[in-house]
Amino acid sequence: MRKFNIRKVLDGLTAGSSSASQQQQQQHPPGNREPEIQETLQSEHFQLCKTVRHGFPYQPSALAFDPVQKILAVGTQTGALRLFGRPGVECYCQHDSGAAVIQLQFLINEGALVSALADDTLHLWNLRQKRPAILHSLKFCRERVTFCHLPFQSKWLYVGTERGNIHIVNVESFTLSGYVIMWNKAIELSSKSHPGPVVHISDNPMDEGKLLIGFESGTVVLWDLKSKKADYRYTYDEAIHSVAWHHEGKQFICSHSDGTLTIWNVRSPAKPVQTITPHGKQLKDGKKPEPCKPILKVEFKTTRSGEPFIILSGGLSYDTVGRRPCLTVMHGKSTAVLEMDYSIVDFLTLCETPYPNDFQEPYAVVVLLEKDLVLIDLAQNGYPIFENPYPLSIHESPVTCCEYFADCPVDLIPALYSVGARQKRQGYSKKEWPINGGNWGLGAQSYPEIIITGHADGSVKFWDASAITLQVLYKLKTSKVFEKSRNKDDRPNTDIVDEDPYAIQIISWCPESRMLCIAGVSAHVIIYRFSKQEVITEVIPMLEVRLLYEINDVETPEGEQPPPLPTPVGGSNPQPIPPQSHPSTSSSSSDGLRDNVPCLKVKNSPLKQSPGYQTELVIQLVWVGGEPPQQITSLAVNSSYGLVVFGNCNGIAMVDYLQKAVLLNLGTIELYGSNDPYRREPRSPRKSRQPSGAGLCDISEGTVVPEDRCKSPTSGSSSPHNSDDEQKMNNFIEKVKTKSRKFSKMVANDIAKMSRKLSLPTDLKPDLDVKDNSFSRSRSSSVTSIDKESREAISALHFCETFTRKTDSSPSPCLWVGTTLGTVLVIALNLPPGGEQRLLQPVIVSPSGTILRLKGAILRMAFLDTTGCLIPPAYEPWREHNVPEEKDEKEKLKKRRPVSVSPSSSQEISENQYAVICSEKQAKVISLPTQNCAYKQNITETSFVLRGDIVALSNSICLACFCANGHIMTFSLPSLRPLLDVYYLPLTNMRIARTFCFTNNGQALYLVSPTEIQRLTYSQETCENLQEMLGELFTPVETPEAPNRGFFKGLFGGGAQSLDREELFGESSSGKASRSLAQHIPGPGGIEGVKGAASGVVGELARARLALDERGQKLGDLEERTAAMLSSAESFSKHAHEIMLKYKDKKWYQF
């Protein structure tokens, strides 16, 4: 029978309804129909599911380790469970209740884990499947769980409670035993006070029948399980935090709240054998040391060849104010105090054997910190730490923005790795990472993926995210180009931010050319080139831009002289720029107002730039009339054009980073010219601003920079040329510059006059309902809110090669600008020829007059060719700029060609294109060059879109959106037919809005917590293959052999004493537990899950084989019995027949 597919029916319905609505929404005449494009994406290509979670577990609370499987488990205060094996093997699970995890216990080498939560629930997890699941849960109803202990190779779990009682749970059935240790029976009968909650439970390593119970008040009890009474009671004045056994079972050690350690002989309960205050000051006259901070945990580990290790956390003296948390390692007479960067949550000592009654031979200590995981090598002098292979440093500085790139050039990851490998710290342990359990998944994904994170300290990190793993590749520190403030009085002018003046807000990256551009919170932009060579930059290239919406009448020292629009360093002086040519940061107007001053001060000393990303140009917005610059809201870079553009709520600026010149510096209103649909006017005269048309096109004196500013970063350190030749060259360049300047001004004025005559297209009405913009806002987390139409911010920028006007017959380079009021404006770019002329002739920038309108702030723009394929922005392939090349080869590489993935290159396109525009409220597909609205889709009415991306999937493209109401939606292109609409995650904080992003091949991610990245997929194919891609946590490993008891110990009973716990705790001897004490909750696995927890795949196969043999044997026995019965039946039939023949002719009276 054929399976009924409801989604195909929905496809048909949505296709029919959308086509009907699209016919109504099309704004062009019926006779001018758009050519049909065959769309291949259907709803069955989409499915939403989480893939993996990377990063450090947020708010960790518990730690456990399986010494045989070599798997580490971390629980958190939010109920999350993170499991780590070998590098690349990670797993994330979540308790539905969200209660804090207070303790974790592995069933060692069984592929199972017990978690105890703060809501007094115990859960049994099956780790023998790629996605662990809960098999059983046990909810305690009348008592609070405080401590759990599961002996090695035992199925009985001891559970201590706040009331001081101990209950016993069978981990196979997850039911309570009737055996209970009551607190009033454990303590002295004469004692009148309650001993407090149970803080420790452990069995004697040499006698499983003896249970050591630690109570918070300071009482320790050795309980005999068989006789059900206390053998010994140990009392100390200070509260107990933890207890640990010596492996011989004759001594144990306790840590106390006054910073002391007490060592007790099992048979001497009167007083401790030894009292140690590790960090206490030893006073004279034998007095007791001053009390210290509590020792929260202690471990006692022995070695065959030397003194035992005593490892503890806490216990520092109270006078060490401000000292960082410490882990103390005491070995023999030496004491090492290891300082940690964060508070210690828990620690575990990794030992060679899982058996508690053998020499432990510790080799490492895992320390779980509040924001880090540290592994200390105990076998090497100095106790170095292991280099952590997990991606746990995402939060090293808080993440402020995030970008995700799938299907990158194949040479990118090796290139980034090679330069990042040189940044690694020295001094790590030489041993391999000891947590190496599990196996990698067999992923079918082979395309490279890169995640870029921007951070609050100004750093940018590149991560290899291929095949659902994460590994740091390279770290860039953008703050290196700025002067650091040494004291509060010398702080830079970062009044627009309280702290983190270097924080990254926006990242624009071209993977093909490897050009990187970042925008920071202090209204600064830095452009980087990638190089494999180390260079020394004598002077950091720098531009200052005066970007202002409105200028009040402010008196300046120059009187009526207006300040220049851009402030390039060095002006037009052809001579090399000395370091002091950087603008002074103390500039101010005559009435004390800060003016023409950037927020940060660029270094004026030579800068050594290591291989990797090297500074090409620093651009800063300056203070104007006492007002700080507004933070940047949008950013775009294009390597083919050599341009970078950025905008904020004041306006837009475009910079030629090859010539180090400002090409465009306009307020947002001036972009409209006479076509402003809101009819806005500046509220005061603008003395320092030129008319809008001229301001857009005019190239000022300051925009042409000396040749030295156009050189590569190595120019400053290159050998000087002959002075006569240099003078001639400078004179020649000045002549060329003067001519090109005059020509550019003439062209600019002509274009400006033309641009003013261009009106708004008649088919796009400017009187759209502005009230729909109530949700419009900047995507930046700290940008000033836009509450008036006059504060229209630039929200999206896109370089492309397309039709700028209706009358265009061929595409040309241009910039599309989107604003927060839903307007799209098009700016034409006239680029000079490539090669040396590109460095000498100016780029002409002019408005096209094209204005398009949507509801809500513009988020994303892209372009399709006539076949529906995505037209990517033009780019220049990467090349090494710091290596001299042959002239003809250099000319060849200097030519910038736009590259397209469509069948026909963009130079040959004569047919129409489609512009895809996504705003906070709707999406439109505009046909070019006619500028008719081909398709329109209202994405949301009651919410707004936080992120929209045009992405490739299954050899096609679609629009993917994430809304503030938690819905993830996808639409086909170009018809904007709905394909997916799933409620996933509501917007709970700005962190999600700031970091959520889609990329190609159905991948997406966001920052789920301050320390973790959550990746998800909306591709059906990836969801189906996810099981294969995930790693396996459990691998069949033989349990190590138990330690040899030795001849004499076996003869005289000195070895470990075993205990038949089944007989002691089973229902037959101890009875049933009270039903009101705890409630059993079966997990999704049910009875089959129990089998899975007890055995797993290998065990099940063995059992199945055994069952098959038994079944075969039984079948054989049955066959034999059947044959015997058949033979007996035949014999009986034969005898009956003989008797019948014998008496057949006889009469009845003859018998």
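Using the three backbone atoms N, Cα and C, a Cβ is placed for every residue, glycine included.
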Residue carrying phosphoserine as stated in Swiss-Prot, selected out of SER744, SER927, SER943, SER1131: SER1131
Among SER193, SER781, SER785, residue that the record in Swiss-Prot marks as phosphoserine: SER785
Among THR353, THR567, THR1039, residue that the record in Swiss-Prot marks as phosphothreonine: THR1039
Which candidate, of THR275, THR703, THR762, THR804, Swiss-Prot gives the annotation phosphothreonine: THR762
Phosphoserine: annotated position in Swiss-Prot, out of SER43, SER459, SER634, SER759: SER759
Candidate set SER190, SER393, SER692, annotation phosphoserine, source Swiss-Prot, matching residue: SER692
Summary of DSSP states over the repeat 'WD 2' (101-140), given as helix, strand and coil counts: 0 helix, 27 strand, 13 coil
